[in-house]
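Chemist: The following feature annotations were taken from TrEMBL:
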BINDING   Y32, G57, S58, S59, D82, N83, D114, I115, N129, R196  S-adenosyl-L-methionine binding site
DOMAIN    53-155  domain 'Methyltransferase'
Amino acid sequence: MYAQKRQCGKFAFNEEVVKVFPDMIRRSASGYTTIVENIGNLAPIFAKENSLIYDLGSSLGAVSMVLRSAIKTANTSIIAIDNSAAMVEKSREYLKAQEMMFESLLPIEVIEADITTYPYERASLFAMNFTLQFIPREKRLALLTKIADSLLPGGALFMSEKLRFEDAREHEVLNNLHMQFKRSQGYSELEIAQKRESLEDVMKIDTFEEHKARLLKAGFSEVYLWFQCLNFSSILAIK
Ligand code: GEK
C-alpha cells in the first residue's frame, strides 16, 4: 500500500490496513513471528484458574490465537480488545475459522474499546504486543498501573515494543539494520520512506530503560527483556 508515490496521511488502522496487516507486520517487525509463537509457549506458566487473560491491541488476533490453543487452565477465558472497528470485525471472522479447525480452545470475546479506559477485572495474564507505542506517552503509566492493579500476585504482562536507543550510534546502527531487514522482505526505498512518514506522528518509541522504569513505577516487581531482534523487543513484567 506504500508502493506508489501518494499523499501520505496519518497512519490509521482502517480497512485498507486490515487487508495487508498480517503480511505487513511480519515483513516490518523483525522477530514478530518468533515473539508471537513464544508468547504461546511461555504464557501457560502464568495462567491461573478462575482468572482472565487479556490481549490488548489484539488486531487480527494473532496473539489471542496462540494463547487460546496453548493455555489449558480451567475456568479461564480471553478478552481481546482493539479500538479499530475494522480489526475487530475481521478478527472475529479469523477466530471463528480457528474454532472450526481446532478443538479445546479457550473461549474468547473480542471487544471494540479503548484499552486506556477499559475496566479490567481479575487477571493472571496480559499480552500487549506492539500496542503501547501507539498510546500517547502521557497515558502510558496510568494504563500500566491499571494492568498491574488487576493482575493477581505472580501474574505477568508480555509487552512487545519497537525500541529506541539512548546511544546515538547504537540507535543508528540498529535502525540501519532494520531498514536492511525491510529491504530483504521486498520493501522498496519509497515504501519504507512513506510508511515511516505516515507513522511518525502516531508511533512514539521508548528505550528499554524507560520501559523498565515505568513498569516498576506501575507496580510490577520484576522486568526482563526476554527477546530482542534488531530494534524490536519483547519484555516480561511480573507483578
Ligand atoms: C499482534 N497485537 O498482531 N485501544 C485499543 N486498541 C488500540 C489503541 C487503543 N487506545 N491504540 C491502538 N490500538 C497485534 C499487533 S498493532 C501493532 C498490534 C502495529 C490498536 C490498533 O488498532 C492496532 O490494531 C493495534 O493496537 C496495534 O500481535 O500495527 O505495529
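Cβ coordinates come from backbone N, Cα and C, glycine included.
Note that TrEMBL annotation is computational and uncurated.
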Chemist: Here the binding-site residues are S58, N129; which one has the lowest number of other Cβ atoms no more than 10 Å from its Cβ?
Modeler: N129
Chemist: Output the one of Y32, D82, D114 that, of all these binding-site residues, has the highest number of other Cβ atoms within 10 Å of its Cβ.
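Modeler: Answer returned by the neighbour count: D82.
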Chemist: Listed binding-site residues: Y32, D114, N129. Which have a CB under 6 angstroms from an atom of ligand 1?
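Modeler: List returned for ligand 1: D114, N129.
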Chemist: Check the DSSP secondary structure of D114 (S-adenosyl-L-methionine binding site), expressed as helix, strand or coil.
Modeler: coil
Chemist: According to DSSP, does N129 (S-adenosyl-L-methionine binding site) fall in a helix, a strand, or coil?
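Modeler: DSSP assigns N129 (S-adenosyl-L-methionine binding site) to strand.
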